[in-house]
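For reference, the structure is listed below as structure tokens.
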Ligand SMILES: Nc1ncnc2c1ncn2[C@@H]1O[C@H](COP(=O)(O)OP(=O)(O)OP(=O)(O)O)[C@@H](O)[C@H]1O
Ligand SMILES: Nc1ccn([C@H]2C[C@H](O)[C@@H](COP(=O)(O)O)O2)c(=O)n1
Ligand SMILES: [Mg+2]
């Protein structure tokens, strides 16, 4: 029954692509916004298993950006002794739903502060929904400059296969949680990507290809952004 539901979901969302939106792209200038006291941020979004963590690790290694995965920060907070949010985080992770932004954004801001003067931050898996976006805008206004949004697009069937074979013992890499995670992505996260696309901020890279091929395209995106 579950496998059937998962299959139906895969068929209904083979690839959500931004191609239809490109005609509405507006140009955005960052000129006067670049200030030394603001953190440079690249949001990294894409379906579960699209390769966000894998690609961010390579960017961090080669391009000097610091990788901050919202999911990893939440998993660490879940494990932290004495955390008042452990049970709440666990229930959201298992259900594939999104933790309230006050928790996630504070974890991200604290991690940025702890890193001091990094060239920039790769904020992986955030903002995932409207609450994340509004909360970020409220909490990080004047503190962070979003350079662009890296969107790793990948057919959902490939993403699910990758998660099921990831072998990291994640409590949400099972069919039941994946069904909910994909639903959350389709219903809540993709509209956020569309929102950024309308401001010309999205850089889409197709991530169903081998890692090195994906990364080569990603590096071109960063080169172009940092030449500005
Ligand atoms: N381009 C690729 N080709 C083949 N396998 C890949 C590729 N990119 C990542 N993988 C593998 O797919 C799995 C998921 O990758 P990764 O953890 O980077 O995805 P993610 O987008 O961060 O997922 P999540 O949103 O669930 O955290 C890992 O086992 C990884 O090694
Ligand atoms: N902005 C975020 C990011 C992650 N979570 C929770 C819910 C996700 O299913 C889970 C795993 O994230 P991943 O490692 O797959 O990026 O963490 C959230 O609530 N809000
Ligand atoms: Mg990840």
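Glycine is treated like the rest: Cβ placed from N, Cα and C.
Note that TrEMBL annotation is computational and uncurated.
Annotated features in TrEMBL:
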{"type": "BINDING", "residues": "49, 50, 51, 52, 53, 54, 166, 209", "note": "ATP binding site"}
{"type": "REGION", "residues": "69-99", "note": "region 'NMPbind'"}
{"type": "BINDING", "residues": "75, 97, 98, 99, 125, 126, 127, 128, 170, 181", "note": "ribonucleoside 5'-phosphate binding site"}
{"type": "BINDING", "residues": "132", "note": "CMP binding site"}
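Per-site Cβ counts within 10 Å over the binding-site residues 52, 209 peak at 52. Helix first, then strand, then coil: DSSP counts for the region 'NMPbind' (69-99) stand at 20 helix, 1 strand, 10 coil. Contacts of residue 53 (ATP binding site) defined by a Cβ separation under 8 A and a same-chain sequence distance of 6+ are given as 67, 69, 72, 124, in order along the sequence. Proximity to ligand 3 at the level of Cβ atoms, with a cut-off under 6 angstroms, picks out none of the binding-site residues 50, 127, 132, 166, 209. Residues within less than 8 Å, Cβ to Cβ, of residue 127 (ribonucleoside 5'-phosphate binding site) and separated from it by at least 6 positions along the same chain comprise 43, 101, 133, 135, 136, 192. Closeness to ligand 2 is met by 98, 132, these being the binding-site residues among 49, 51, 54, 98, 132, 170 whose Cβ falls under 6 Å from the molecule. Cα spacing between residue 75 (ribonucleoside 5'-phosphate binding site) and residue 54 (ATP binding site): 17 Å, rounded to the nearest whole number. Of all the binding-site residues listed here (49, 51, 54, 166, 209), 49 has the Cα closest to the Cα of residue 98 (ribonucleoside 5'-phosphate binding site). Among the binding-site residues listed (53, 75, 98, 127, 132, 170), 53 have a CB atom closer than 6 Å to some atom of ligand 1, in sequence order. On the backbone, the CA of residue 49 (ATP binding site) and the CA of residue 170 (ribonucleoside 5'-phosphate binding site) stand 12 Å apart.
When Cβ neighbours within 10 Å are tallied across all protein chains shown, the highest count among the binding-site residues 50, 54, 132 belongs to 50.
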